[in-house]
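Listed in TrEMBL for this protein:
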{"type": "DOMAIN", "residues": "18-53", "note": "domain 'EF-hand'"}
{"type": "DOMAIN", "residues": "59-87", "note": "domain 'EF-hand'"}
Amino acid sequence: MEEIRRAAEAYYENLSEDKKSYARFKFSEMDKNGDGQIDLYEYVEYLDKDNNMALTHPRMFRALDKNNDGGLDFEEAKVLYYITQSGRALFCKSCNTFLTDVYFCCFQCFFKGESVSTYEICCDCYGGNKFTHHEDAIFRDNYSLLSQSRSLALAAPPEKRRSVLGKVEGIVDAANTVAGCIIM
Ligand SMILES: [Ca+2]
Ligand SMILES: [Ca+2]
Ligand SMILES: [Zn+2]
Ligand SMILES: [Zn+2]
């Protein structure tokens, strides 16, 4: 969780003033009783409205509550904001834990296209072989997947490259829009 916290902090620092105010506004919307903390009740109630089942889990709330005082202050809530805005709300397809830092992703499913959903699992499930997926699956961690995406995009012929990059941009835009609508 520490790594994603640092990412969230960096992400927030680079937001425009407008977006920062928006994050503040979303926080105050969640904080119904206005005490500056989002308690579990406020958290679940807010996320339930958007049918965001995975994030609603109390385990997720506890993970966000860094100092363990039963409430999320604005600093802690930044992580939630980041997770939803960046489309980083990923959960292990095998044990359903939130994928905080490094995780493994099926290479084939990742590049197969929109008809196939991606398949990502936590290090424990991958290392302990605690998952079922198609036999020939090749797994890559999220970092190597990123650099391989670059190689694939660059390996495409120039006229195709634009469409590959366009698609990537489209995906990023869509993820941002969707996340913006769903929560915060
Ligand atoms: Ca509150
Ligand atoms: Ca707290
Ligand atoms: Zn797992
Ligand atoms: Zn797969």
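Glycine residues also receive a Cβ, built from the backbone N, Cα and C atoms like all the rest.
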Averaged pLDDT, computed only over the residues in the domain 'EF-hand' (18-53): 91
Residue counts (helix, strand, coil, in that order) that DSSP gives for the domain 'EF-hand' (59-87): 18 helix, 2 strand, 9 coil
Summary of DSSP states over the domain 'EF-hand' (18-53), given as helix, strand and coil counts: 24 helix, 2 strand, 10 coil
